[in-house]
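Just below is one structure, and these are the notes that go with it.
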Amino acid sequence: MTSFLSTSSSKFFNSKLQYCLFWLLIGVASAQLSPNFYSSSCPNALSTIQSAVQSAINNETRMGASLLRLHFHDCFVNGCDGSILLDDTANFTGEKTAVPNLNSVRGFEVIDTIKSQVENVCAGVVSCADILAVAARDSVVALGGQNYTVLLGRRDSTTANMSAANSSLPAPTFNLSRLITLFSNHGFNAQELVALSGAHTIGQARCTTFRPRIYNDTNINSTFATSLQSNCPQTGGDNNTSPLDTTPNTFDNAYFNDLLSLKGLLHSDQELWSGNTTGTTDNQVSAYSSNSTAFFRDFSNAMIKMGNMSVLTGTSGEIRTNCRKPNSAGLNLIDTKIIDLITTIFNMVSRIREVTADGFKGTRMAWVSRVFRGRGEGFRGRRKVVFWAARGGEGVATGGDGGGVLIGGASAQLTPNFYSNSCPNLLSTIQSAVRNEARMGASLLRLHFHDYFVNGCDGSILLNDTANFTGEQSATPNINSVRGFEVIDNITARVESICAGVVSCADILAVAARDSVVELGGPSWTVLLGRRDSTTANLTAANVNLPAPTMNISELTKMFSDKGLNPQDLVALSGAHTIGVAKCLNFQNCLSQDSNINPTFASSLQGTCPRDGSRANNTVPLDATPTTFDNVYFNNLLISQGLLHSDQELFNGTGSTDSIVSSYSSNSSTFFRDFANAMIKMGNIDVITGTNGEIRTSCWKTNTDASTLIKEKIFDIITTLFDV
């Protein structure tokens, strides 16, 4: 193997297609869920799905609840990968016959119809997993619920897991403790458990799922129980259905009102509200029963979070043409993977005119066929990789029993337990390193934010300039502004000392941001982990993608929307300005020019920040309690004491986000909850996972210089494949 690499490297890297293959491996498999994933490749995908969902619900209203449940039962079994849609094959037993699904989940024929319609407008582009996610959202909206942004780019699994379906889905007989444990294992907290359970505000349940409750439970309204017994006798009638709440065709908060009256249909539903002070989730149920807006908001956030669980992206999985069966039916799975990879390479090469002129003629499938007709002895191993010589057109197949990096290694599986085995002391190590300077908490939180808003949470903000690129630290929004790099260096050194080469700088940023908020009195949340680090930075993107302190509400709303964040997320995340300080240069002009500023407040600042700019680097607290994470920031906005112009734009007395600011000013718990949800959502967008990027050993520089990156990336993959 060593001699092969050394003697062949010159020809290997001179081939134009091998150069294309490198960039394919580096960039195509990035785990980039995005609301705009299909905007170019299938611009009519969302409207096609929405129209088909509406038609199905018009035909049968209950179908909305069924499509929502399909998505839930898909995501809770190894992630949102469309595995629930697969029929049994000779190689595996599907999930449809698992106990929680058998004679229960439905709507498969509607998904078939949607898939057929989508294939008609853009064949082989949109995954079944994404169709499920969008159909669930569209069902909620069609029945009166709140719209939310679905992040897209999932790919479909090539197998199913009946065993996991039997163990990973909640049963209608679960008590509260078991529900909390199950949801926690999937990365959800108790509030998200209650919000997602609110999906039972639509749909029906079979008698067999609630019979024990209406005959045996004591925490049930007796009149309600009696009213159900004629349709659900003690024997027989297993498949008779009853509404899950009093308005089963409308997405509202009636489900929670029913729980307060002990009229939850399922035992697991009523477990959410006990009616005494010991109930862990009683307050949440009560809040949703009196405030449908809060329920809609939290449900939307929880659905977005659920939809990002353990997704497949890049070259992992496949895009099924029939949601009921993998494309590999009738083919060896590895052959299908190679076809997928070669097709992707062909798409790239066909766009490069000089390579196309070198002999890539004929149709894509003819080209793939030529490779497989001549594959010969090289395909006898269990895991293979194919390379194609650009000029001669001759297929070269090289086989072996290696690790299969190209085939399955790029799965986007962010999970709270990512380092539980590889670096079990990670979280405590980061937490202990955060506690030094009170102001540093705000700085670490801001580092994470400024990292995310430029090409996703990839640690690119930490990179110093090199001969090959100018880093983001010198961008206008960052220069002489972002700080805390030495703290991240210190954390990285500590982490490397206990588990070298395991934890990414991007994940360190995400955890340090959360721990900073907690240290200063704010909420905690579950940080999903498994990001990898970028190998470059983007100064241009940093200059255009970060919000400026002079932006108005329209500009802020659009910028956040472009990142998949809604106005509520914008306001919640802006609440990060409840800690830290800002330099005079960011607001000194507003003190004399803005009309929506308290004049006494403005005058009190002008001594520190004179109009002549002579003290531009002086700092002023962003709110009245700059070292405590609370809701004082929003109280300041109500009295026109927002320090930055962009802050005060969130509240002007008649603005689109006024009501959210008012809500947070009067209820810190609501702010804390929404801030935590928005941070989770932000941290999951456009991450790098699998074999993409790298795990930097020093956060301020890449592990490899540009001249060796190609060879090391390719050699890494080949070495793994051949098990050297």
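Backbone N, Cα and C atoms are what each Cβ position is placed from, and that goes for glycine too.
What you see is a predicted model, and the numbers here were worked out from it, not measured in a lab.
The record in TrEMBL pairs C323 in a disulfide bond with C128, which is drawn from C80, C122, C128, C505. The record in TrEMBL pairs C207 in a disulfide bond with C232, which is drawn from C122, C232. When you check TrEMBL, the disulphide partner of C42 from the set C75, C80, C122, C423 turns out to be C122.
Here the C-alpha separation of D252 (Ca(2+) 2 binding site) and H200 (heme b binding site) works out to 10 Å.
Put simply, C323 is the one of the recorded positions P170, C207, T247, C323 whose Cα lies nearest to the Cα of C80 (disulfide bond). A Cα-Cα distance of 14 Å separates R69 (site 'Transition state stabilizer') from G79 (Ca(2+) 1 binding site).
Here the binding-site residues are D74, D81, E95, D245, D252; the one with the fewest Cβ atoms within 10 Å of its Cβ is D252. Between the recorded positions V77, C122, C128, C207, the minimum number of other C-beta atoms within 10 Å of a residue's C-beta occurs at C122. Apart from D74, V77, G79, D81, S83, E95, the Ca(2+) 1 site neighbourhood in this chain, defined by C-beta within 8 angstroms of the site C-beta centre, holds H73, C75, F76, N78, C80, G82, I84, S157, A160, N161, A164, A165. When the recorded positions H73, D74, C75, V77, S83, T247 are screened for a Cα within 10 A of the Cα of C323 (disulfide bond), the ones that qualify are S83.
Considering only the binding-site residues G79, E95, D245, the residue whose Cα is spatially closest to the Cα of C122 (disulfide bond) is G79.
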